[in-house]
């Protein structure tokens, strides 16, 4: 049913009801009369100045009219509220409820809304030059599926942007989708300056609206200032790797060239930097960049010299070592033991008193510049102590497998440097440990003859000779040898010997062997006792007599006769419950059949 809107002189403002798309609207008929008057009500929708009946209420019962609202309307609250489900943008209109008297009417303005999806903002990735005379596109924002038409406000660093002639221009367009929702596209154009290089743009959130992500627009401008940075900072030494970075305040960074002076030709040379304006100097490069003080020489340390260069001394005497070096900076000297790295002394002089054979070997002098960490040089010198060859041990044992290859090693030290020979044939090789030390390795095949004779290593120099004997034992004999609880240590060479303690595995083996021997001895003792027991030669008991007899009637059987020293009265206590008496002369003898 369609009818025209009745012309009334003055109509009150309709009641406002806001509902989001997809939700349910509750339209309450606000007639001012009694509840009884609501038993006869008609509901209308007004769209484009046309009034259409959509629902009837008679005696508290409702009925939908055919049309777009059929099956979407129902009553609630005893007929006073009309329920409209599945709200769409097309429901954005005025609804009226009219009583039986047509003069009674209540108008409701149903406002439908839907927040758009999160806006997508695309920035001008090519960048904007400050030299542009007209506004240039900064960014484009698109907001989809909103209702009503979204309103766009651009913000720059939190401040809203408005149209400004020749400076800011905002152009927007909208598209209505088939669902009744709108898609909005907004383009921001602006003229930028160098101060805008760090500015960000966004769309804020509002009433039922969404806020976009923040974007930054690249702004291009020429450089006004250029400067140099050197890494690492502070004092440098020859051989350090240095990065010289050329910087400017323009965007994008320009291409740089760095001019440096060649110290050999004294001419200025130009070198291109990489894309980041960095010129990396290689270690040891004898060039110097053009810096505030191009004549300043870098700190350096000369080669370190130690005297005497090849020190020799007798055992028990003293020795003095001197260290020298030059530098254009203050130097610090230290003496270190080469083998252990232990600090021995500070200063250019090292005093060694009452020298022992063990104090021979390497000593290092280190000259460093304290003001430049890492700037140092050093020199190694070897101290030789005169003496015949010295060897770690006079004898040693090795466990081997027959017919297998084996490496025998022998080490000796002395001054003059000793030479080593072997008593058996094989392939020998020598390895220099220190100037006064030598290590000889002999590769041999384990044969029965070698197992019988062993191998002898002989070290000699002009002051004497020394030997080490190596005994070879088969692995198969290792378990048998563990039965010995005492192990004699091999004699140390050079007239010394030390006691050798059993290692943990050897100690465990000795304990196992001892326990096994004890068990065997106890078993043997038990067998002997049992033998005498059977023969009757082992007395038992405290006061009576117990014998092992063979009754005449059972000569072929083993029996044990047990005689008790208890009185007959006492024996009566041991009778069964039936009270049976034993025959006279029965002294409680028992025969135990030992055949089984």
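We number each residue from 1, going along the chain as drawn.
Using the three backbone atoms N, Cα and C, a Cβ is placed for every residue, glycine included.
Straight from TrEMBL, the features:
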type     : residues : note
DOMAIN   : 12-109   : domain 'Ig-like'
DOMAIN   : 119-216  : domain 'Ig-like'
REGION   : 263-321  : region 'Disordered'
DOMAIN   : 299-382  : domain 'Ig-like'
DOMAIN   : 389-468  : domain 'Ig-like'
REGION   : 482-501  : region 'Disordered'
TRANSMEM : 510-533  : transmembrane segment
REGION   : 570-596  : region 'Disordered'
COMPBIAS : 579-596  : compositional bias 'Basic and acidic residues'
Inquiry  = Out of 12-109, 119-216, 389-468, what stretch is closest in contact terms to the domain 'Ig-like' (299-382), meaning most Cβ pairs under 8 angstroms?
reply    = 389-468
Task = Run through the domain 'Ig-like' (12-109) and tell me, per DSSP, how many residues are helix, strand and coil.
result = 8 helix, 50 strand, 40 coil
Inquiry  = For the domain 'Ig-like' (119-216), what's the mean pLDDT in this predicted model?
reply    = 80
Request  = Provide the three-state DSSP residue tally for the domain 'Ig-like' (299-382): helix first, then strand, then coil.
outcome  = 3 helix, 43 strand, 38 coil
